[in-house]
Amino acid sequence: CAASRQAACGTVCIPVPWLCDGEQQCPDRTDEQCARFECCSVPSVCGAKKVQCPGTHHCIPHWELCDRHQDCEDGWDEEGCPQQPCLPGQWQCRNRVCIMAEWKCNGIDDCGDSSDEDVCAPCPPGMVRCDEGKCILESLMCNDEDDCLDGTDEPSTCGELRVAAGHCPCGCGWGETQSHPMSFCSARVDIRSGDLYWLAFLHLSCPRTHVPCRDGTECVAQEYKCDGEKDCADGSDEDGCAQLCDTPGRSYSSYPCGLGACLNASLVCDGRQDCTDGSDEGGNCSVPCRRSCAHLCYPSPQGPRCWCDPGYRLSEDGLSCMDIDECTERREEACTQTCLNAPGSYSCGCLPGYLLEPDGRVCKLTGPEPMLLVAVQSEVLSYGLRSGREEVLLAADKDRVVFSLDYDLVERKVFWMDLATESIRWQDLNSTKKGTLVKGVRSDCIAVDWLGRNLYWTDGAAGQVLATRLGAAWRGIPEYTVVMDGDLDQPHSLVLQPLAGLLYWSEVGSHPRLVEATMDGSRRRVLLAQGLGWPTALALDLPAWRIFWLDEKLGSAGSARLDGTSVKVLQLGWVQSPFAAAVCEGQLYWSERKAWSVQRVDKTSGKNRTVLLKRHRQPHGLQVPACGRPKPCTNGCAKSNGGCAQLCLPNP
């Protein structure tokens, strides 16, 4: 046997991680007799960034050494520690707790006594600090509201800021300076001194899906422009939007005032000045309406004009009206699931198992509250997506890390990848039963086919997608098959669509892409091969017929229809190191390894970011079992294993 990686077990060799793992591999149980194998001197399986607790397979991050918390069972990580308990890369709180240095000033009380937020300087980019210590968005400066309790965000120089806005010194203006032809200039107020100052920024190169803010400091998604919310720090994404009286969602009987406001056509030429500049009165208001308008005619200072009822758009002839297909033009902004267009209107509907909310747009799951399952170190937690209630569903051995996970809807079992023992394990949530499905495998992602009763996983190093039966029992010999091999470039994340017999995976090699195939590995089709960096987390939104991905390299969240069309990408600064993702009821959820948190945003806009869970341990696998998955039914492989003696793989 290879001395560094294997141990003798009778006439065969077994991997070292299988020693003392609580499961018998050798007929005489010698693999569980730690004295014989000297398990206390097992070679390290932790890698360069972690340390191994002596005599175990338990790996802990180096920053958990001497943190005044016993992480190794025998307390070895707290023995012989110096007086100063914090290690390089850590920061000591007032209560002497050590936290990661990058957690300081992140807006979250990681110390427990707020000391990591009380002494922060400076605030995160785009924010400024009030005198009392709180950080606020820089865009809240000089907005005529005291966002700081002491009012330091509203100094007397705010009036000068409004006068100076748009008038840069030394000849610089929006989009041009003397020294940098493509520079931008912005007036700011210093929150400490109240002094007015100028900032010049080189012109940003925004992705094709984004537009630059006027001050040139950031890019925002095209969908954010004129959506009623100020996403640019200077609010320029909402400037002039009221003039766009024919934007989606606005009444098509609106009249544009000269200074930007939109006015209902019935208020034009009514003898009262409704536009602040008076542009809705005077002129040719007295000219009578004699045009052959399809719907209605109203007077205006420019002369009589035709206008259309809501749900219609004025045609190019200026007389007739054409129906607006909101389902096509607005897509998910109109309805989250099904949409039916009608003359002058539209209606939303929901798939079975969902109920239309009172807003007539959003569909919510009926029945019990949907639960988020997330792996955090050696535990699997459930998190109520409506109540926020947390519960520990299962706890693996402390020296194990629950990596990728998935859930079997039929038998209520949780399956997960255990890297320490190179095995895929399971636990029944209806009882205390647990076991091992297969050993001798390594994977970043596993996925359960609850309909065909198989489990798939990716092996990025080998460039393979593999599968085994859900009901397989470990008998000492790996029982699985290679579904795809050969031309896969580091397959990573994997998701399944059991009813259609399809699987989707991401590749993060030299040519990143998203690929679809049938579950037997045939009929492969590339969905997307451009605009990707490292798509490390995939999620299916079957009610909307879309696939979502989070890109670690580009810091973005993207989605596309399952035929590869209608690609949409949102640049999100808080996407740093995503591991797994899920979509449910209009929200996109993902686990962040660098931030040690689980977060969510609106799946359509990328807004309303919320941190749901934050732990001093890394989250990995994540699933919402009930969302987008129909009640169990049947397919060719579900009945009598499709007549197969071993493994049945669907090929619709």
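Yeah, the Cβs are placed from backbone N, Cα and C, and that goes for glycine too.
Predicted automatically and left uncurated, TrEMBL annotations should be read as such.
According to TrEMBL, the feature disulfide bond maps to Cys1-Cys13 (among others).
The disulfide bond annotation in TrEMBL covers Cys66-Cys81 (among others).
According to TrEMBL, the disulfide bond annotation covers Cys86-Cys98 (among others).
Marked as disulfide bond by TrEMBL: Cys93-Cys111 (among others).
Residues annotated as disulfide bond in TrEMBL: Cys105-Cys120 (among others). Neighbour density for Cys105 (disulfide bond): within 10 A of its CB lie 20 other CB atoms from the protein chains shown.
TrEMBL lists Cys123-Cys135 (among others) with the feature disulfide bond.
Per TrEMBL, disulfide bond is recorded for Cys130-Cys148 (among others).
Counting every protein chain shown, 19 other Cβ atoms lie within 10 Å of the Cβ of Cys226 (disulfide bond). Among the features that TrEMBL reports, disulfide bond is placed at Cys226-Cys241 (among others).
The feature disulfide bond is assigned by TrEMBL to Cys257-Cys275 (among others).
Annotated domain 'EGF-like' per TrEMBL: 348-363, in sequence order. The DSSP breakdown of the domain 'EGF-like' (348-363), given as helix, strand and coil counts, is 0 helix, 6 strand, 10 coil.
Per TrEMBL, repeat 'LDL-receptor class B' is recorded for 501-544. Each residue in the repeat 'LDL-receptor class B' (501-544) gets a DSSP state, and the totals come to 3 helix, 23 strand, 18 coil.
Least packed by the Cβ count within 10 Å, out of the disulfide-bonded residues Cys13, Cys93, Cys257, Cys275, is Cys13. Looking at Cys257 (disulfide bond) and Cys13 (disulfide bond), their Cα atoms lie 82 Å from each other. Nearest in space to Cys93 (disulfide bond), taking C-alpha to C-alpha distance over the disulfide-bonded residues Cys13, Cys226, Cys275, is Cys226. A separation of roughly 51 Å, to the nearest angstrom, links the Cα atoms of Cys105 (disulfide bond) and Cys13 (disulfide bond). Taking only the Cα positions, the spacing between Cys226 (disulfide bond) and Cys13 (disulfide bond) is 66 angstrom.
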